[in-house]
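> Before I ask anything, here is the structure I am working with.
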(Lines of atoms letter the chains of each structure in order from A and count residues from 1; the text may use other names and numbers.)
(Lines give C-alpha, C1' and ligand atoms only; values in the text may rest on other atoms or scores of the structure.)
Protein backbone atom coordinates (compact mmCIF):
# COMPACT_ATOMS: atom_id res chain seq x y z
CA UNK A 1 0.00 0.00 0.00
CA UNK A 2 2.79 2.44 0.86
CA UNK A 3 4.58 1.56 -2.38
CA UNK A 4 1.47 2.42 -4.38
CA UNK A 5 0.94 5.56 -2.30
CA UNK A 6 4.43 6.89 -3.08
CA UNK A 7 4.21 5.86 -6.71
CA UNK A 8 1.02 7.79 -7.46
CA UNK A 9 1.64 10.80 -5.21
CA UNK A 10 5.30 11.44 -6.07
CA UNK A 11 4.59 10.92 -9.77
CA UNK A 12 1.91 13.61 -9.47
CA UNK A 13 4.40 15.94 -7.75
CA UNK A 14 6.91 15.34 -10.56
CA UNK A 15 4.27 16.21 -13.14
CA UNK A 16 3.69 19.57 -11.47
CA UNK A 17 7.21 20.70 -10.56
CA UNK A 18 8.64 19.34 -13.80
CA UNK A 19 6.16 21.18 -16.03
CA UNK A 20 8.41 22.85 -18.65
CA UNK A 21 5.73 25.20 -19.95
CA UNK A 22 5.25 26.94 -16.62
CA UNK A 23 1.54 27.20 -17.41
CA UNK A 24 -0.76 26.70 -14.44
CA UNK A 25 -3.21 25.00 -16.79
CA UNK A 26 -0.53 22.57 -17.95
CA UNK A 27 -0.60 20.56 -14.71
CA UNK A 28 -2.96 19.63 -11.90
CA UNK A 29 -1.25 22.19 -9.61
CA UNK A 30 -1.09 22.17 -5.82
CA UNK A 31 -4.76 21.24 -5.54
CA UNK A 32 -4.12 18.23 -7.76
CA UNK A 33 -1.19 17.15 -5.60
CA UNK A 34 -3.37 17.43 -2.50
CA UNK A 35 -6.13 15.38 -4.20
CA UNK A 36 -3.55 12.79 -5.23
CA UNK A 37 -2.32 12.28 -1.67
CA UNK A 38 -5.78 12.38 -0.11
CA UNK A 39 -7.36 10.24 -2.80
CA UNK A 40 -4.71 7.54 -2.59
CA UNK A 41 -5.03 7.39 1.19
CA UNK A 42 -8.80 6.97 0.79
CA UNK A 43 -8.37 4.20 -1.81
CA UNK A 44 -5.59 2.34 -0.02
CA UNK A 45 -7.11 2.49 3.46
CA UNK A 46 -10.34 1.20 1.94
CA UNK A 47 -8.50 -1.65 0.16
CA UNK A 48 -6.27 -2.73 3.05
CA UNK A 49 -8.47 -2.08 6.10
CA UNK A 50 -9.52 -5.72 6.19
CA UNK A 51 -5.93 -6.95 5.93
CA UNK A 52 -3.86 -4.71 8.19
CA UNK A 53 -6.26 -2.05 9.38
CA UNK A 54 -5.10 0.23 6.58
CA UNK A 55 -1.74 1.16 8.12
CA UNK A 56 0.20 3.25 5.59
CA UNK A 57 1.74 5.83 7.94
CA UNK A 58 4.17 5.29 10.87
CA UNK A 59 2.67 8.32 12.67
CA UNK A 60 -0.77 6.68 12.68
CA UNK A 61 0.68 3.30 13.64
CA UNK A 62 2.64 4.87 16.51
CA UNK A 63 -0.44 6.74 17.71
CA UNK A 64 -2.53 3.58 17.73
CA UNK A 65 0.28 1.76 19.55
CA UNK A 66 0.34 4.45 22.26
CA UNK A 67 -3.42 4.06 22.61
CA UNK A 68 -2.89 0.30 23.08
CA UNK A 69 -4.86 -0.57 19.97
CA UNK A 70 -1.81 -2.31 18.48
CA UNK A 71 0.92 -4.57 19.91
CA UNK A 72 4.55 -3.45 19.92
CA UNK A 73 5.58 -6.31 17.62
CA UNK A 74 2.90 -5.52 15.06
CA UNK A 75 3.66 -1.78 15.23
CA UNK A 76 7.39 -2.35 14.61
CA UNK A 77 6.75 -4.67 11.66
CA UNK A 78 4.20 -2.26 10.18
CA UNK A 79 6.60 0.70 10.42
CA UNK A 80 9.49 -1.25 8.89
CA UNK A 81 7.32 -2.40 5.98
CA UNK A 82 5.85 1.09 5.50
CA UNK A 83 9.37 2.50 5.14
CA UNK A 84 10.48 -0.26 2.77
CA UNK A 85 7.35 0.18 0.67
CA UNK A 86 7.92 3.93 0.48
CA UNK A 87 11.51 3.46 -0.66
CA UNK A 88 10.38 1.04 -3.38
CA UNK A 89 7.55 3.34 -4.50
CA UNK A 90 9.88 6.33 -4.89
CA UNK A 91 12.37 4.03 -6.62
CA UNK A 92 9.77 3.04 -9.23
CA UNK A 93 9.06 6.73 -9.95
CA UNK A 94 12.77 7.41 -10.38
CA UNK A 95 13.04 4.37 -12.66
CA UNK A 96 10.33 5.73 -14.95
CA UNK A 97 11.48 9.36 -14.96
CA UNK A 98 15.12 9.45 -13.85
CA UNK A 99 16.08 12.84 -15.33
CA UNK A 100 12.85 14.55 -14.27
CA UNK A 101 13.09 12.98 -10.82
CA UNK A 102 16.69 14.03 -10.13
CA UNK A 103 16.23 17.49 -11.59
CA UNK A 104 13.09 18.39 -9.67
CA UNK A 105 13.69 17.38 -6.08
CA UNK A 106 12.40 13.82 -6.25
CA UNK A 107 9.35 14.67 -4.19
CA UNK A 108 11.57 14.99 -1.11
CA UNK A 109 10.25 17.12 1.74
CA UNK A 110 12.09 20.20 2.99
CA UNK A 111 11.23 23.51 4.63
CA UNK A 112 10.50 26.10 1.95
CA UNK A 113 12.50 29.35 1.72
CA UNK A 114 11.03 32.05 3.93
CA UNK A 115 10.06 29.62 6.69
CA UNK A 116 12.15 28.57 9.69
CA UNK A 117 12.71 25.01 10.87
CA UNK A 118 10.39 25.87 13.76
CA UNK A 119 7.68 26.85 11.27
CA UNK A 120 8.12 23.56 9.48
CA UNK A 121 8.06 21.54 12.69
CA UNK A 122 4.93 23.34 13.87
CA UNK A 123 3.18 22.70 10.55
CA UNK A 124 4.07 19.02 10.70
CA UNK A 125 2.91 18.68 14.33
CA UNK A 126 -0.47 20.30 13.66
CA UNK A 127 -0.94 18.50 10.33
CA UNK A 128 -0.09 15.11 11.82
CA UNK A 129 -2.43 15.81 14.74
CA UNK A 130 -5.31 16.54 12.36
CA UNK A 131 -4.67 13.24 10.55
CA UNK A 132 -4.27 11.04 13.63
CA UNK A 133 -7.21 12.73 15.38
CA UNK A 134 -9.35 11.96 12.33
CA UNK A 135 -8.19 8.34 12.27
CA UNK A 136 -9.11 7.90 15.94
CA UNK A 137 -12.49 9.54 15.41
CA UNK A 138 -13.31 7.58 12.25
CA UNK A 139 -12.36 4.21 13.75
CA UNK A 140 -13.78 4.64 17.26
CA UNK A 141 -15.95 1.61 18.06
CA UNK A 142 -18.03 3.50 20.66
CA UNK A 143 -18.78 6.27 18.19
CA UNK A 144 -19.76 3.71 15.55
CA UNK A 145 -22.22 2.13 17.97
CA UNK A 146 -23.62 5.46 19.12
CA UNK A 147 -23.97 6.88 15.62
CA UNK A 148 -25.02 3.64 13.93
CA UNK A 149 -27.87 5.50 12.21
CA UNK A 150 -25.26 7.61 10.38
CA UNK A 151 -23.31 5.51 7.86
CA UNK A 152 -19.62 6.38 8.21
CA UNK A 153 -17.06 5.15 5.70
CA UNK A 154 -13.84 5.53 7.73
CA UNK A 155 -11.42 5.90 4.78
CA UNK A 156 -13.34 8.91 3.45
CA UNK A 157 -12.76 11.36 6.34
CA UNK A 158 -9.17 10.09 6.67
CA UNK A 159 -8.44 10.76 3.00
CA UNK A 160 -10.18 14.12 3.17
CA UNK A 161 -8.09 15.11 6.23
CA UNK A 162 -4.92 14.29 4.26
CA UNK A 163 -6.21 16.42 1.35
CA UNK A 164 -6.95 19.42 3.57
CA UNK A 165 -3.63 19.24 5.44
CA UNK A 166 -1.78 19.13 2.11
CA UNK A 167 -3.59 22.26 0.91
CA UNK A 168 -2.42 24.07 4.03
CA UNK A 169 1.16 22.84 4.36
CA UNK A 170 2.49 22.10 0.85
CA UNK A 171 3.82 25.70 0.66
CA UNK A 172 5.64 25.25 4.01
CA UNK A 173 7.20 21.77 4.01
CA UNK A 174 5.78 20.03 0.95
CA UNK A 175 3.71 18.20 3.59
CA UNK A 176 5.12 15.16 5.29
CA UNK A 177 2.68 14.00 8.00
CA UNK A 178 3.94 10.53 7.05
CA UNK A 179 7.56 9.77 8.02
CA UNK A 180 7.73 6.80 5.63
CA UNK A 181 6.71 9.00 2.70
CA UNK A 182 9.45 11.51 3.61
CA UNK A 183 12.05 8.77 4.15
CA UNK A 184 11.35 6.96 0.88
CA UNK A 185 11.67 10.13 -1.19
CA UNK A 186 14.80 11.26 0.68
CA UNK A 187 16.61 7.94 0.27
CA UNK A 188 15.90 7.63 -3.45
CA UNK A 189 16.61 11.30 -4.20
CA UNK A 190 19.63 11.20 -1.86
CA UNK A 191 20.87 14.78 -2.05
CA UNK A 192 21.83 17.10 0.79
CA UNK A 193 18.67 19.19 0.65
CA UNK A 194 16.58 16.06 1.16
CA UNK A 195 18.32 15.34 4.47
CA UNK A 196 18.84 18.83 5.94
CA UNK A 197 15.31 19.04 7.38
CA UNK A 198 14.49 15.32 7.43
CA UNK A 199 14.36 15.08 11.25
CA UNK A 200 11.38 17.45 11.22
CA UNK A 201 9.20 14.86 9.50
CA UNK A 202 9.90 12.22 12.17
CA UNK A 203 9.77 14.49 15.20
CA UNK A 204 6.67 16.29 13.89
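Including glycine, each Cβ sits where the backbone N, Cα and C put it.
Those TrEMBL annotations? Automatic predictions, nothing curated.
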> Pick from 75-93, 94-112: which stretch is listed in TrEMBL under transmembrane segment?
75-93
> Between 150-172, 173-195, which stretch does TrEMBL give the note transmembrane segment?
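Residues 150-172 are the ones TrEMBL records as transmembrane segment.
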